[in-house]
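Chemist: Mind having a look at this structure? Questions to follow.
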Amino acid sequence: MEDDDPIHGGSAIDQALQKKHHDMLERLSARHQTRKSDSPDSSSSSSSFESTSSFLARFADSKRFIESRIGELRLGSSSEDPSNIKSGLAEISSAIENLEKLVAANSYFLPSYEVRSSLKAVSDLKQSLDILSGELVPKKKFSFKSKSSSTKPESKLPEIHKPDFVSPLKVPVRDSPGFRNKHGETLVKSFRGSSIGEFTLSDLDSCEVKLTGTVNALFLHRLKNCKVYTGPVIGSVLIDDVEDCVLVLASHQIRIHCARKSDFYLRVRSRPIIEDSNGVRFAPYCLDYEGIEQDLKTAGLEEETKSWANVDDFLWLRAVQSPNWSVLPEEERLSPVSLSGDS
Amino acid sequence: MGLLSIIRKIKKKEKEMRILMVGLDNSGKTTIVLKMNGEDTSVISPTLGFNIKTISYQKYTLNIWDVGGQKTIRSYWRNYFEQTDGLVWVVDSSDLRRLDDCKMELDNLLKEERLAGSSLLILANKQDIQGALTPDEIGKVLNLETMDKSRHWKIVGCSAYTGEGLLEGFDWLVQDIASRIYMLD
Ligand SMILES: Nc1nc2c(ncn2[C@@H]2O[C@H](COP(=O)(O)OP(=O)(O)OP(=O)(O)O)[C@@H](O)[C@H]2O)c(=O)[nH]1
Ligand SMILES: [Mg+2]
């Protein structure tokens, strides 16, 4: 585009450049306006789209526009007077915010890969804007206090350390009901008729666990070489740190963290997710015990929606299948497990 | 005056409030937002990224940003700090094991300069679960009493399942923001 030297002095050149720059911004913004009014569904910045492709087209368009605005502002900056720079920055910032709203408003129907890459793109734009405003706005006493604090692009969380940073918990927190610290045992529990709300399995090694009836929330923590069979969980199952396990679970939500070499047989309404896991395999729920039909109904899980196979790997950013999980081949699956007589 | 004051002026006109919902994964943020909006909460997946809901509340428009709390996503939280009027920190009151994680993340968040001016509502969610900690107990664990004196905050027990406590919490939040932003012309 312009071959101006961004670092230069001379007020006459400044004047001319400033004019030129200003005109260009006008043009760009006019172009952006027409483009916006051309497309029928863009009247509101947070409009929803019918299809992924129309979303992507609109997204790419706005992204290009914002990038070119950032480029223009950087190029012309040395000649701009501070108030122009500020309004330029403000304009870009609100354009980015609109773009972000666009993604957010569409994130319910977009494929997860698209959500993720759009999220990344928006975050990159914000970072460029932060860097730009750090370059352009002199660190004067009064202006842009909060902006200049965010110009370090790579710092994750603020590195201020207060003395009370890791103050120990003041309240002795009671333990929830559960099975803990067992080795080589068979652990059986029925929730039927009990008022237990949440239940925990933690630090179990080589155990077989059979839970029947419904419970509101289930936490699994540090299990090794265990087999776990559970009746339906009304809320969610949170799993952290399991290895060489077979887990047969039914729940509205199932969240898996740090699992290695384990098989999950799931009935689940939402998408199961994995984070920091590998060698995990999935298959449909295969549990039976007396009264399970009623329990599944109580939990709203009587229907097999096949969600067990829609696994999302939060650490896998590409469109191709994550290498961290797979569908368990049918011939290797457990035959239906019956707990009758145990509970 | 800088960028923020310009944006603030625009907001003032529209009576808009920007609310940021954060908290550990599984705490119930998305369920709360959908419940507030009268939507079905029976099939909700963990939030991969973020959602935004625009809700009319009293005479205000709330733009509620619901950002995922999974570990992988927490580093994105800081992208949403700018211009936040109200911060809602959601706690799973039945998740006793991760309370120190919860405290640590909240402490980090409150050190963030860009959030210094925002009102803080802490929702001790899942009160419907037998065995959940009470809001008082959560308040003690999170050490709320030692919070910076300049911060406006409140803790409220709630259940996204029954809806109990949600209005009480949001009423306080909206009033507190309104008294800071809109009444002080
Ligand atoms: N019993 C009970 N369960 C709840 C309540 N609120 C949410 N849940 C359940 O908790 C689980 C997590 O809820 P979400 O709303 O997805 O949690 P989130 O905070 O949005 O999680 P991320 O998106 O990963 O950050 C779901 O299975 C909900 O059904 C509540 O008040 N009571
Ligand atoms: Mg969520």
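Each Cβ is built from the backbone N, Cα and C atoms, and glycine gets one as well.
Automatic, uncurated: that is what TrEMBL annotation is.
Per TrEMBL, the features are:
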type	residues	note
BINDING	B:GLY23, B:LEU24, B:ASP25, B:ASN26, B:SER27, B:GLY28, B:LYS29, B:THR30, B:GLY69, B:ASN125, B:LYS126, B:GLN127, B:ASP128	GTP binding site
BINDING	B:THR30, B:THR47	Mg(2+) binding site
Chemist: Under 8 Å Cβ-Cβ to anything in chain A: which of these binding-site residues pass, B:GLY23, B:SER27, B:LYS29, B:THR30, B:GLY69?
Modeler: none
Chemist: Fewest other CB within 10 angstroms, which one of the binding-site residues B:ASP25, B:ASP128?
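Modeler: Relative to the other binding-site residues in B:ASP25, B:ASP128, B:ASP128 has the fewest Cβ atoms within 10 Å.
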Chemist: Quick one: what's DSSP say for B:SER27 (GTP binding site), helix, strand or coil?
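Modeler: Assignment for B:SER27 (GTP binding site) reads coil.
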Chemist: If you draw a 10 Å sphere on the Cβ of B:GLY23 (GTP binding site), how many other Cβ atoms land inside?
Modeler: 24
Chemist: How far is it from B:THR47 (Mg(2+) binding site) to B:GLY69 (GTP binding site), counting Cα to Cα, in Å?
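Modeler: Pair distance, Cα basis, whole Å: 8 Å.
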Chemist: By a simple count, how many Cβ atoms lie within 10 Å of the Cβ of B:SER27 (GTP binding site), its own Cβ left out?
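Modeler: There are 25 such Cβ atoms around B:SER27 (GTP binding site).
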Chemist: I want to check the contact list for B:GLY69 (GTP binding site): same chain, sequence separation of six or more, C-beta distance under 8 angstroms. What comes out?
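Modeler: Once residues fewer than 6 apart are set aside, B:GLY69 (GTP binding site) is near B:VAL22, B:GLY23, B:LEU24, B:ASP25, B:ASN26, B:SER27, B:LYS29, B:THR47.
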